[in-house]
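Undergrad: According to Swiss-Prot, the feature active site, proton acceptor maps to Tyr24, an assignment based on sequence analysis. Summarising the annotation, Swiss-Prot assigns active site, proton donor to His102 and lists sequence analysis as the type of evidence. Here Swiss-Prot flags Asn76, His82, Asp89, Leu103, Ser104, Arg113 as substrate binding site, drawing on sequence analysis. The site 'Transition state stabilizer' annotation in Swiss-Prot covers Arg19 and is backed by sequence analysis.
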Amino acid sequence: MARSILVLHGPNLNLLGTREPEVYGSRTLAQINEDLSSLANELGVSLSAWQSNHEGALVDRIQAASKDGTDFIIINAAAYTHTSVALRDALAGVAIPFIEVHLSNLYKRESFRHHSYLSDIAVGLISGLGADGYEAALRYAVRH
């Protein structure tokens, strides 16, 4: 059975391509997900991508991952990275390994973005590589 990878996208990532392209790039979330799906097929893994602007919905999806056979999570929690103890607790509670991904370099941004509630429990952190960060995370997840 192929490994199952879940990609979670947090709030406002549905606006990629139009929201601050100088910070987040010009690629849409649909384009990023299509590229990830193609790469997953090449690598022989199952990939599911899901986005929500709502913290509770993201928590629910993380909890569901513990029952649906998800082997690894790639998460860009976006703004919730810096505020959500609930996401942290959900990720810790399901004990599925995960990588935290950010399109922009958090440390070149406002100081409130320098703290993550997720990083210390993540397998790794990829920040500032744009959409390529998701690809790097997927390649790692397949080998983990």
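Including glycine, each Cβ sits where the backbone N, Cα and C put it.
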Undergrad: Which has the fewest other CB atoms in a 10 Å radius around its CB: His82, His102, the listed recorded positions?
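TA: Ranked by other Cβ atoms within 10 Å, the recorded positions His82, His102 bottom out at His82.
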Undergrad: So how many other Cβ atoms are close to Asn76 (substrate binding site), meaning within 10 Å of its Cβ?
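TA: Its Cβ shell of radius 10 Å holds 25 other Cβ atoms.
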Undergrad: At a 10 Å cut-off from the C-beta of Leu103 (substrate binding site), count the other C-beta atoms across all protein chains.
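TA: Its Cβ shell of radius 10 Å holds 23 other Cβ atoms.
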Undergrad: Same-chain residues six or more away whose CB lies under 8 A from the CB of Asp89 (substrate binding site)?
TA: none
Undergrad: Compute the C-alpha separation of Asn76 (substrate binding site) from His102 (active site, proton donor), stating it in Å without decimals.
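TA: For Asn76 (substrate binding site) versus His102 (active site, proton donor), the Cα atoms are 6 Å apart.
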Undergrad: Write down the Cα-Cα distance for His82 (substrate binding site) and the residue listed as 'active site, proton donor', rounded and given in Å.
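TA: The Cα atom of the residue listed as 'active site, proton donor' is 12 Å away from the Cα atom of His82 (substrate binding site).
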